[in-house]
Each structure stands twice: as structure tokens, then as C-alpha cells.
Amino acid sequence: MRGMYIHIPFCHQICHYCDFNKVFFKNQPVDEYIESIGNELSILVEEGHSFKNLETVFLGGGTPTSLSEKQLDRLLEIIHQYVDIGSLKEFSTEANPDELTSGKLSVLKNGRVDRLSIGVQSFDTELLKRIGRTHGADDPLKVIKEARQLGFENISIDLIYGLPGQTSKQWEDTLDKALSLELPHYSGYSLIVEPKTVFYNLMNKGKLPLPGEDIETSMFSMLIDRMEAAKRQQYEISNFSIPGKESIHNLIYWENDEYAGIGAGAHGYLKGKRYANIGPLKKYMENADNGTRPIINQHEVTKIESMEEEMFLGLRKTAGVPFNSFETKFGKTLLEVYGVVIEDLSNKGLVEVAEDSLKLTRKGIFRGNEVFQEFLK
Amino acid sequence: MNHEERLARQKNIRNFSIIAHIDHGKSTLADRLLEKTETVSSREMKSQTLDSMDLERERGITIKLNAVQLSYTAKNGEDYTFHLIDTPGHVDFTYEVSRSLAACEGALLVVDAAQGIEAQTLANVYLALDNDLEILPVINKIDLPAADPDKVKQEIEDVIGLDASEAVHASAKAGIGIEEILEQIVEKVPAPTGDPQAPLKALIFDSHYDQYKGVIVNIRIVEGTVKPGDKIRMMATGKEFEVIETGVFTPNISLRDELSVGDVGFLSAAIKNVGDTRVGDTITNAKTPASEPLPGYRRLNPMVFCGLYPIDSSKYVDLREALEKLELNDSALEYEAETSQALGFGYRCGFLGLLHMEIIQERIEREFKIDLITTAPSVVYNVVTTDGKELKVDNPSMMPDAQKIDHVEEPYVKASIMVPNDYVGSVMELCQQKRGNFITMDYLDASRVNIIYELPLAEIVYDFFDQLKSSTKGYASFDYELIGYKTSKLVKMDILLNGEQVDALSFIVHRDFSYERGKAIVEKLKNLIPRQQFEVPVQAAIGQKIVARSTIKSIGKNVLAKCYGGDISRKRKLLEKQKEGKKRMKQVGSVEVPQEAFMAVLKMDED
């Protein structure tokens, strides 16, 4: 296990596009939930898992910054109790710009959190309102300034393109503002309208004016070009950084390595098994508090599945899937297993057989799904 | 049983069927009759017992026939044996209807008390009259607020010329009038007249394949008797078999020692092929054969043809096996292997009509789990070439070059459409649009009209009835019969994807409509075919001449660029789903074409 993900499923406001496991903060047993996280960690330790040599811890949600200072402090205290913080290479939290008060920043700093991933999404006030965000366009600027003053250097922001009503010009302005902050890391995601979201319902009523495939494509193209021009290299389909500032935690996913998923609805990959935790809070907490793993399902990944995952996750990285690491993991060469597929994809100009790895071409990056699915049985 | 016993029994046999328009309550009435005669107890009564296939229940129509024996003690104290013979409720199966009517002496004419007679009903009433059946009018749904039985009676008298004064007022749903119907059957339907001592003549009105018994043949004994051990001969095919079992449906299979004049039941004789038991054929005794078969037999010819291709070419053999199995039970289904440049190996299949085609297609996909590409249905064209030869063309891609064609003839039907007079305009507009020739128009009463048109069969095979219904708010009813071939100015239109002709998309069109259709079809294909790896031109051509063009764009972006966190299984599912969707498309040259595109060529007018 290289990393740990901890899910904080509370939000003060639910975004119109979000389909993660989350609930309104109000009237929820937040304090008790934090204790349940401790209980889940203790169960895992009892089952023989060790958190001593972790490289990363990642707090995600929901919104970790929806917690009060006190709650945040308690959460960090619990993490310190189980995780050897000294061994960590990266300790990240997601944060909402309008919730990241100086008080919370200090708590995070004291708790040795060293990376902030801020959900900015857009620098257009109108758009922000339309997608259900509570912060304004200027909030991130203030927060980032303050965080930097407190000594946070490793800061990333999330941006979304393809939003309803969004024009190319608006996206360009957002990218300009984002890059003017000169952050080491940026994520740029395309809007996917998922079931059980406000957007989904609007879409079904024909009331969601999405920009369409052509504009979305050019927005993606613009994202890559702007980032590269500003020396933020695309190291994964949606992620850009100055070299050495890649998100180690996310790389764990794409390198097909193991991680613990803690909290309601979290997903993890431990000792060859992928598992999902129970989503509903009450049930999750009951299980964790009674000393049983709060999982809803788990699946032992077969060798073939693992090879497939190695490919469809690994190819998301611009560095691609290294030939030697594939062979070390599976005892067969990449070309032995997927030679035919690779030849076909390479003829289509979607992948490139480089000296020591298989990579997507620029065309392949835009059409990743076509590549990934070819590696599935 | 001796001769006198047989005659005594025969005197109390009544054979009848029910003629009704879809939704006028045929199945419900049949259910009530079964219940009332305690053939089926209400406890074990599934609604609509006679419609046995899932598909039939879903579509609310009868496809395969059924015959049930009922026992009824009449008010006069005597016991009667009834046979209720079900008829299919769709124009595709007119011949089967005529044969099952030929197995009866009477028919209940069920008419909805609010809606009156429909074209389909009328067509079947004429079939019944042709077969000299005693027709008992039943005015159903009498309990509806909109019921107007007197008006319906008047209509029956005016339109059909039947005496409707004793028509039963019934509500099958509410159980009203059921007993009266049973009594009228006893009183009015004649007993069968044949001679049990004469050589056997049994009319085949249906058959189906049973995996243990072989073909089970539904028969009506017209003359003579038949019993297990008898050697029988099919008079049309000359095939001989030895009878293994005889029996009736009650509605479950009940074996009987013999079937005699008037009986409607079945026999099995280790017959392996449904094709040996043609509907309308006469079974006789091989040792003491009848000199003449029963009248009315004819070989059924498919009217509509289409290509069936497995999306996954490796399922070609499975598809053949599926067709073989379906053919066992369906003598009207024809198929032969064909090859398409675009679609690979498949079968050209002939059907009685569109419904028949859809049913077969659906059964192959459902029961045999083979995803299919169905090419647009085609009729059979008569092509006379410049050197005087005559060709039958049932596949547009087989149409000879235009220079070699002297002229083309296409099948025409006489269509009768009944509609409230408010909709006469829209019906005529539709028929005109479908290249129809107006023949005549009769007022059935002050508000209803029967409109007769001659229409090319090709124009009605696809969705004519759907369009008719939507342009008349569902009030129109429709029936047609084939009247022969007429010369038309027809041309073949080819479709090119990425510059390559796709044979499976070729279709025949009237010259005067060709530009319009070409333009519409390339637009339609552009929207149906998803974006491809590269830009793909779609062209419509007559001979060498391109008449319309559109372009399918290349894929811009297809990649999950979303924050999915550690939920890998979800990513996997999404990719699997995309891959599955791709499997349902057919690779045509370098273009991936979805199933619907191949049917699109005919489904044009709604746009």
C-alpha cells in the first residue's frame, strides 16, 4: 500500500454536477463520523495492514473543509495516531475557496498537511453561480495568497470546462487567471453529466445548454496548449504540473498500485482486492464502530484484469506504461500480451511505441477511451 | 365408437371462431367463454389464455392459431361440444385466417359498441361469408358510456348486409351476455355435415413443432375418421406418415381414441418438418384415400424480403441454426444464404408481411441471442430487360444496370381504409404521397367513409399503417389485398460511405421522388452514424450520378477527463459499456454503422 484516501462526505452546498457520495452538513453526526474513521483505521490495523510506510494521504470529499477547525483538528489527530507522518511524501487535502479560513489553514499546517487542492472550477462569477458553487471569482486569489503566506507552496486548483453556457472565451479567461497565479499544479476536467445530479435532471428536460463536442474538444485543446506554454506539463490526461510537482497520490491510482480507501463510500485496493465501502453514513458508522470492515463489496483482481487496469490506467499518464515495469509485474512482456492491439492502435495513430514505454499520441489523448477499451477482454 | 354414436355426437358439435378488430375484445370474450363452460376455472385463468407466445401477449395480437374444445350443457338439457378456433389478428396472416374459418360452421362477429366496424373486421367477415359461415353479431363493450348499440346494429346491416336484430348485447369484461352467446351458438351454428364413413378428409389449419412429438398438426375433420395407427397422406405434398396420437386441446393436450367428423383437434405422426404440413392442405387416409382434396389450398408466397446479417460475423452459423429452428414452426418463412459486400455473410429472408418480419427478427435476437442487422425490407420487382428477359428482384442491390432495363413492374395492393369523414383529407394526402391511385369512396353512414386506393406494396410495407394512424388520431383502420403488378418509373438509389458503395443500403425509389429521398437519406444517415475516426462523406447516387451529399464529422474527443478518484471499477464499467456499444455496430469498410441505419432508408417520411 502506497497511499491512503479519506472521504469526508459533507458539504454545505451541493454542486450541480457532483455525483460523489455526499450529504448536506447540517444535522449530520459529523463528530461521530470522524471517530468512525478512526475505528475503520483500527480495524485495518488489526487485520494486519500497516500504515507505517505510506507515501501519501489524501483528504477528499464531499468537502474536507466543511469541517470546523475543531473537527479538522481531531481528524488530523486520528490520522497522526495511525500514520507515520514522517514517511509521507505528500499530505493533501481538497478545499473549497470560501471555506478555507485562516484558522483552518493553520490547523492543516499544524497537522502537517502540505498540499492543497482547491476546487476553483471557474473564474467566472456567473458560471460559478450556475453550477451551484458558493464562492466568487476572487475568493481563490485571497485564499491562495494567505496559504502561501502560511508556507503552503504545493497548491493545485481544479478547473472544469464544457460547462453549460460556457464559451471558449470564458474558458480562455479562466485559464489566463489560473495561470497568472503561477501554481505548480493544475487539474482541468471536462464536465460529465452524471445521473442523480441537478444537471442530469435539467438535461433530461432539455434545459442544459452544453457547448457540444466540437467546442469541448477545442477547450481541451486550449487547456493543453496553454498549460504547456506556461511550462505546466501535461503528465496525465487532466493534470498539469511543473516537473517534480505531480500529484503523487493520483499517480498511485494510475500506476495501478495499492491504496487504502477510508470513509463512507470510499474505494480502496488492498492485498489484491478492490473494495468499496458502504455509502450511507449510518450504516458505514455502525459497521466501523462495531469492529467490522464497512465494505459493501470487494473483488479479487485477476491477473488478466490487473493487466487490463495497468493499461487503461497507465496510459492516462503521458509517460505511458513502461515496458520493464509491466514485465516485472506480470512476468510477460507488454508486446507478448497486447501486441496485436498495440499494432492496430499504432496504425490508427493513437499510440506510440517509444523506446521504453507505450504512450498515447496527442490524437490518442483526445480519444483515450477508444484506446483503453481495446485492452479490455 | 360405432357409426350411430358418431352421428349422434356430430349432431351436437358446434365449430366457431371469433372475428374482431384488435381491441374490440376478442381475447377477453374467448376467456369468458372458457370460464363459463368451465373449460378453464377462473382460478387458473391467466388473462387471455389463447395467446400463448410472450410476444403475442406483449403486442396484444394473436400470431399462432389455437383451437380449444369446450363442453356446454344448453338450456334444452343437451350436452354440446364446442370448438373455438382462434384466428390471427393481422393482415399479414390473411390466408391462415381464411383456413381457420374454413374449419368452422359459424363465427361470432364481435363489434365494439362505441367504435363500430373496422376495415380489418370487414375483411374477415367477407372471408367468413366466402366460407359460408353462419355469422352471429355480438355487440361488445355494451357497458361503456359511449356505447351506441343501435347505431352499430344499423351499421352491421348496412355495411355487411347481415340481420343484426338478434345481435347479442354483451360485455366480455363484465361477463354480460355470455350465456346468450352460448345459446345462440347452439341454436344458429349448423352442426357439421360430413359422413364419418367416407374416406378421411381433414383440413390442416395450423401446425407447430414440438421437440418430443415432432410436428403437431391442427386439423378439422370434414369427412371420415382418423385414429392412432392410421396411415395418412398429405394430399398436396404426397408425404405419408403413421398417426401416433390424436387428441384435442382443452386447452391442454387431451388424447382421444379417434377424431371424427366435426372434431377440431390435432394429430402427431413423427413428422419432422412443418413444411410437410402446409396450412390448407388436406390429410387423407393412405389406404382409402379421398378422390378430391378440400378446396382452397394455396402455397403461401412471401411478399416482403430483407437481409438478416449477424453483427458479429462469427455468429453466421448460429443464425442459420436459428432460422432452421424457426422454420420448423413457420412454413411461411423462407431464407437463402446471401453475401453482401458491406455486411458479409447473411440470409435473404422472405416474410408474409412486415409484422411477420419483425416477429422473426425479434425472436432471433431474444431467443437465440444474436444481434442482427436487418436491411430495409423490399418487395419483389419484375424487371424486364432490354433483351426481353424477365427477372424477379427481391434485393435492390441485385437490380441490373439502368441501361439494361426496359421497364420495371412492382406489386400493387388494393387498400381499403375506414375512417371518420373528418379525416378523409389527411388519408387522401397520405395515399397520394405514397403514389396511390384513388379508386372510390363509400359512405358507410353519415360519418364514416371507406376509401379505396391502389397503392404500391413497397410504399406500405414499412410504416404506412403507423403513419395512417397518426394522421387520423388512431381512428383509421386498414386492410389490403394484392392485386398484381404494374409498370412504374423506378430507379435504384445507391448509398456511398466514404466513397464506397454500400450494397446493403441500396433501395428502389420512384424517379420523381428520387432527389428528395436522396437528400433526406444522406441527412438521416449523417445523424444516425456516430462520428468516425475521420471525416466520412455520405452520398446518394443514381447510377454514376451523385444526387445528394452530407458529411459525418470526425471524433473530436472521447476520453474520460473527469475526476474519478480511486473508483477504478467505475472507470472499467464505463469503458466496457462503450466497448459493448461498439460491438452493436457493423464495420462497413472503414466506417462503423449502427443497426438502425440499415432500416433508415425506408423510414423517411416522419422527418
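Start at 1 and count along the chain as shown; that gives each residue its number.
Quick reminder: no glycine exception, Cβ is built from N, Cα and C everywhere.
Quick look at what TrEMBL annotates:
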- B:ASP23, B:HIS24, B:GLY25, B:LYS26, B:SER27, B:THR28, B:ASN140, B:LYS141, B:ILE142, B:ASP143: GTP binding site (BINDING)
- B:11-193: domain 'Tr-type G' (DOMAIN)
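If you compare every pair of Cα atoms in B:ASP23, B:HIS24, B:GLY25, B:LYS26, B:SER27, B:THR28, B:ASN140, B:LYS141, B:ILE142, B:ASP143, the residues listed for GTP, the longest distance is 17 angstrom. If you take the C-beta of B:GLY25 (GTP binding site) and look for same-chain residues 6 or more apart in sequence within under 8 angstroms, you find B:VAL110, B:ASP112, B:ASN140, B:LYS141, B:ALA172, B:LYS173. On its own chain, B:ILE142 (GTP binding site) has B:ALA113, B:PRO149, B:HIS169, B:ALA170, B:SER171, B:ILE176, B:GLY177 as residues at least 6 apart in sequence with a Cβ closer than 8 Å to its own Cβ.
Neighbour density at the Cβ, taken as the number of other Cβ atoms within 10 Å, is lowest among the binding-site residues B:SER27, B:ASN140 for B:SER27.
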